[in-house]
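Heads up, the thing below is written out as structure tokens.
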Amino acid sequence: MPDKFKRVHVVVMDSVGIGEAPDAAKFGDFDVDTFGHIAKHVGGLNMPEMGKLGLSNIREIDGIKKAEKPLAYYTKMQEASNGKDTMTGHWEIMGLYIDTPFRVFPDGFPDDLINQIEEKTGRKVIGNKPASGTEIMAELGEEHVKTGALIVYTSADSVLQIAAHEDVVPLEELYEICEFCREITLDDPYMLGRIIARPFVGEPGAFVRTPNRHDYALKPFKPTVMDALKDGGKDVIAIGKISDIFDGEGVTESIRTKSNMDGMDQFIAVLDKDFNGMSFLNLVDFDALFGHRRDPQGYADALVDFDGRLVEVMEKLTEDDLLIITADHGNDPTYTGTDHTREFVPLLVYSPRFKNGGSELELRKTFADLGATVADNFDVKMPEYGKSFLKDLK
């Protein structure tokens, strides 16, 4: 391809896997297929835009026609890293190989960890389950104020959060507790991606979070393609939870989002900006609201809604743009339990520059091929890991 692209847009449909990975059994996953099982469950998905790009050319999905002339280059990617969580998937997409998986705790944290927190702080722990912060604050806030017990909770991600009223646990004490939790969860058996202090104020029935949230994250252990872009003077616009996933490393602008549809609004607004570099969008609702909650109908509706917004995206793309749509892991809502599933992820690569449409790319053996392609496009330092497919885009 003679000219490089001025802008590359990476869209991660969080948890939208496309079929069981060869090593799924090692992760306790059998016959998992996020996209396929959702489509079967609802009697077929109505996603004409993804269909035109070539989604069903990767493998047939009920309700989505195989494109005779797909607009995009298409294949699927296999995760090489030893994990199936959000951080592992995204870090690998940007050129890292993760040997030790981050841990998630869908049933709450083990007694040993809770005991360490209680012994260190002299405070009891209440909660200890996956929950939305506002819900658990409403549920346990009054008990916390009366007893001084710490509200500890998690989410679908590798995270330990501690909520406390600022009049009950002073901020400095809360931060010290979180620093202690960070120190004891850096390695196995806990290996948590993030500890978050969640202070709040107010009276029972009217508790509100304060802006004094503090995150104790893990930074990527090596520079990623995002760092290479930033160091090379390129823009890296992170939309959604991308900046959190990378602890702000390699990000030149961060835009928070409230939902998938807000994420698409923000992304479409970014397409109107004049920039030279990468936009990187994560759409988390698929995973957080529907995958973990095992809600295939809700998941299907969200996929259809996403497809509807692609019309606006396609209208704004020029020959200087490259759009890459993928995922970071699976989360089959028809499967048992509440955890992610080890799957291939789709890869669709489109530009209006492809006058003859796209064709099949070879199967990618690591998500890092995507990051290598971005680095190759912008002539910045290539990651140690991953093989560019830029030359295959004609």
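In case you wondered, yes, glycine gets a Cβ from its N, Cα and C as well.
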Site co-member for Mn(2+) 1 according to Swiss-Prot, given ASP328, HIS329, out of ASP14, ASP23: ASP14
Among HIS214, HIS340 - the residue Swiss-Prot places in the same Mn(2+) 2 site as ASP287, HIS292: HIS340
Env. residues of Mn(2+) 1 site, Cβ within 8 Å of mean position of ASP14, ASP328, HIS329 Cβ: VAL12, MET13, SER15, VAL16, GLY17, THR86, GLY89, HIS90, ASP287, ALA327, GLY330, ASN331, HIS340, VAL345
Pairwise CA distance, ASP287 (Mn(2+) 2 binding site) versus ASP328 (Mn(2+) 1 binding site), rounded so that it is a whole Å: 10
Sequence-distant neighbours of HIS340 (Mn(2+) 2 binding site) in its chain (C-beta under 8 A, six or more apart): SER15, LYS84, ASP85, VAL104, ASP287, GLY291, HIS329, GLY330, ASN331
Protein Cβ atoms within 10 Å of ASP328 (Mn(2+) 1 binding site), excluding its own: 28
Entry from the binding-site residues list HIS292, HIS329 having the most other CB atoms no farther than 10 A: HIS329
Which of ASP14, ASP287, the listed binding-site residues, has fewest other Cβ atoms within 10 Å: ASP14
Rounded to the nearest Å - Cα separation of ASP14 (Mn(2+) 1 binding site) and HIS292 (Mn(2+) 2 binding site): 11
